[in-house]
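Below is one structure, written out as structure tokens, with a few remarks after it.
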Amino acid sequence: MASALTGVSLSTPATFAAATARGDRPQVAPARVTLRSMVMGRGTVACRAGGPSTPPGISDKMSESIKEAQEACSEDSASGECAAAWDEVEELSAAASHARDKLKESDPLENYCKENPETDECRTYDS
Amino acid sequence: MAICSAHTTTSLRSPCTTISNTGLRQNQVILFTTRSSRRGSTRHGARTFQVSCTAEKPIIIGLAADSGCGKSTFMRRLTSVFGGAAEPPKGGNPDSNTLISDTTTVICLDDYHSLDRTGRKEKGVTALDPKANDFDLMYEQVKAIKEGKAIEKPIYNHVTGLLDPAELIQPPKIFVIEGLHPMYDQRVRDLLDFSIYLDISNEVKFAWKIQRDMAERGHSLESIKASIEARKPDFDAYIDPQKQYADAVIEVLPTLLIPDDNEGKVLRVKLIMKEGVKYFNPVYLFDEGSSISWIPCGRKLTCSYPGIKFSYGPDTYFGQEVSVLEMDGQFDRLDELIYVESHLSNLSTKFYGEVTQQMLKHSDFPGSNNGTGLFQTIVGLKIRDLYEQIIAERAGVPAEAAKV
């Protein structure tokens, strides 16, 4: 497997790059990391982590809303403004998750694996 | 010439809305549908008749749960039991929250937000607060659907936080309203033929949201916790009380099989079923009405750690008589699931192994190896049964006795 991977460029979702680039992030790994590899034609191997990452539009809005919620709650954490701000975060987090699911449905590897979960390409590894 | 065969059979897939222009009988409503301009081309010449029966008024199902608590997964299981894939309306707003299949239309009650995201922010009101929702419009439109009339329903756009132009919703056979408040307003509640509440314990909710959000940029354990806590007062005031009205409640709790487990991976799930609900016969284990504790793992069936435990029995829930079926632990192999299915009664399956088949078909959905998937599938079968009984009764044919 090691030799098969030589010279292959691996694409990493943005969330991973962002996670390692941010120093202020707590040292907690994403809850579940799954890795899948797929042999695509002769000698080409694609490998990526987890499912698709959130579209940047929603992702940006969400991290913005988290900052706003933290600010809105700094004065009074029991205020309606604070609750409304965190409610917006929840709404966007749910929208982000739905958007990822939608992308997953249009992913050829995911669809292949739905039909052929037992194949090598579709094995998942929990970290 | 069985165009209106839904009158006389109990099949969910009877072609009552067959597109046809022959063989019309009395007692049918004929709609001449020209393609509406919003869908694009109008086809001349090829005349399309949509035939629907007057008896074919939709049955209305309500599903209540907080955001991020598995409503979408439940809906996918439910529409799968009814047959056919559920998809967003073709050619409509790509951000529509509606799902349509041959038999079922699922709408999201967020579409009845009266305040958009900016409005809620300005007023300091969450989406959980009834003040942010238009219950008058919700009632009017659900009532119209129940009477067999089409509606122009608003669309709440979850990405922009704005209310988009309305979409046309035709009355289906089964109309599902899912969201935060399907049982909040009494007028809406009274329109429901069946209602379900997904009750996720705080521990599990936290674990699920970590799973969902932790990899998101900007989120951290603190932000996930803060969001749950800030929304909790409104959740407790306006969402949680609805569970007392539900005909079935699926309660999701941490396992008791692993001492002090806080990972939220292994779950204990209860299916609380109200007694005396018309067309709804609760599932039971071994002996209806008795109290049973059952560990299926033993000589006949080997289970891996931490095993599987079932219990069943009568109970009261908000002062009402209920039957409760509980499953703790998870399935690791197919034979465990089929073994459990063979010991449950009143499942409303059409053939032996249908529950297992449904669970396998969607093994990629969250919860397919535990009680959440099992009970969601069972509730789906129960709703199909309920629909078929109602249709059969409307047609004056006695409902078939419970199968399997």
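Positions of Cβ are set from backbone N, Cα and C atoms, glycine also.
What TrEMBL records for A:46-67, A:96-127 is region 'Disordered'. Annotation source TrEMBL lists domain 'CP12' at A:58-127. The annotation disulfide bond is assigned in TrEMBL to A:Cys73-A:Cys82, A:Cys113-A:Cys122. Residues or ranges marked as compositional bias 'Basic and acidic residues' by TrEMBL: A:98-127.
Known features from TrEMBL, placed on the structure.
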residue	record	CB count, 10 Å
A:Cys73	disulfide bond	19
A:Cys82	disulfide bond	22
A:Cys113	disulfide bond	19
A:Cys122	disulfide bond	17
Would you identify the secondary structure of A:Cys122 (disulfide bond) according to DSSP, in three states?
helix
Can you filter A:Cys73, A:Cys82, A:Cys122 (the disulfide-bonded residues) down to those whose Cβ is less than 8 Å from some Cβ in chain B?
A:Cys73, A:Cys82
Per DSSP, A:Cys73 (disulfide bond) is which: helix, strand or coil?
helix
Which residue counts does DSSP give the region 'Disordered' (A:96-127) for helix, strand and coil?
21 helix, 0 strand, 11 coil
If you average the pLDDT over the domain 'CP12' (A:58-127), what number do you get?
84
Between the Cα atoms of A:Cys113 (disulfide bond) and A:Cys82 (disulfide bond), find the distance and write it as a whole number of Å.
43
Please report the Cα separation of A:Cys122 (disulfide bond) and A:Cys82 (disulfide bond) in Å, rounded to an integer.
43
